[in-house]
Amino acid sequence: MSKNIKKIGVMTSGGDAPGMNAAIRSVVRTCAYYNIECVGIYRGFEGIMEGDFRSMDARSVKGIVNKGGTVLKSARSKEFRTPEGRKIAHDQLKSANVDALVVIGGDGTFNGGLVFNKEYDFPIIGIPCTIDNDIFGTTHTIGFDTALNTVVDCIDKIRDTASSHNRLFFVEVMGRDVGHIALNAGVGAGAEEILIPEENLGLDRLLESLHRSKRSGKSSSIVVVAEGDKIGKNVFELKDYVEANMDEYDVRVSVLGHMQRGGSPSCFDRVLASRMGVKAVETLLEGKTNYMVGLLNEKMELTHLREAVKGKSKIDRELLRVSEIMTT
Ligand code: F6P
């Protein structure tokens, strides 16, 4: 066990995601377990520069395992991107005797951590937490599973209206540049078509597919559209396009938006966050730095932060094939 680490700072940065609090709780409780001091850093890198630190013990994180959002708050910091900002951050950490950081967030957070480590040789471990599931080195990021359940629940409800009124719905889901949410939730909710950036279906094939599903006897349809999809039209333009080319459907659009990021985390995300928090602190105590903890083949594994931010999390080709068969 590293004798150099006596105090660990934990922070959340970037977009919040359900399970962030469970991850904070796990880091704090693991520190308490190993008799390491822990400080919560408020508002991410912004809070480091302002020295917004509060001591946390096992009891400070009671009652948050089931809460969405982040009790430590989150922010995007422009100043931390400058060398001057990072110098201020380093001075603040040193004057508070913080020896290492656990950063909870996505690739922007990890990039910030890497630059900081390079300049100041400051020990850092990352915990992947974003609904997008776009991080290399883990099959699941914290928050992804909860977001999927939220999306499936919303689509189930939308389907009630779609089938009652014989409508076609375009449902836009989040995911930034990747289609993990769209593909998984689309399969889970039984969507008739799923549009993701990794596979450009094209407008002609979309129309073809909608005609086919009409001919096969379907009176309503749900098309799940990833926000990063590259078909060349946004959901509202898609609606206009389909209405102009098909009389058979009454078309509506539903953009699910930030409701996908909120809410109580699923059991899967709570367990994942608990495992990742323990692994993050134990990795620091083993004297390692610049790793991200991840879930690979059911086990907690480490991936270098450089690989995590550089690599692309690939869409599951097998699931894509399943979705093609299911939408027949
Ligand atoms: O990264 C999480 C995410 O919710 C993306 O899915 C989405 O594109 C983005 O954040 C939205 O960011 P903001 O909350 O800043 O609008």
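Any Cβ shown, glycine's included, is placed from N, Cα and C.
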Arg76, Ser77, Gly106, Asp107, Gly108, Thr109 bind ATP according to TrEMBL; which of Gly15, Gly19, Gly40, Gly137 goes with them?
Gly15
Record says Arg25, Ser26, Val27, Val28, Arg29, Gly190, Ala191, Glu192, Lys218, Ser219, Ser220 bind ADP. Source is TrEMBL. Which of Arg81, Arg159, Arg261 does it list for that same site?
Arg159
Residue among the binding-site residues Ser77, Thr130 whose Cβ has the most other Cβ atoms within 10 Å:
Thr130
With the Cβ atom as the reference point and anything under 6 Å counting, tell me which of the binding-site residues (Thr109, Thr130, Met174, Gly190) are near ligand 1.
Thr130, Met174
Which whole-number value in Å describes the distance between the Cα atoms of Val27 (ADP binding site) and Gly106 (ATP binding site)?
17
Counting Cβ neighbours within 10 Å across all chains shown, tell me which of the binding-site residues Asp107, Asp132, Glu192 comes out on top.
Asp132
In Å, rounded, how far does the Cα of Gly190 (ADP binding site) sit from the Cα of Thr109 (ATP binding site)?
34
Return the residues near Arg252 (substrate binding site), defined as same-chain residues 6+ apart in sequence whose C-beta is under 8 angstroms from its C-beta, sorted by sequence, else 'none'.
Thr161, Ala162, Arg167, Leu168, Phe169, Phe170, Lys239
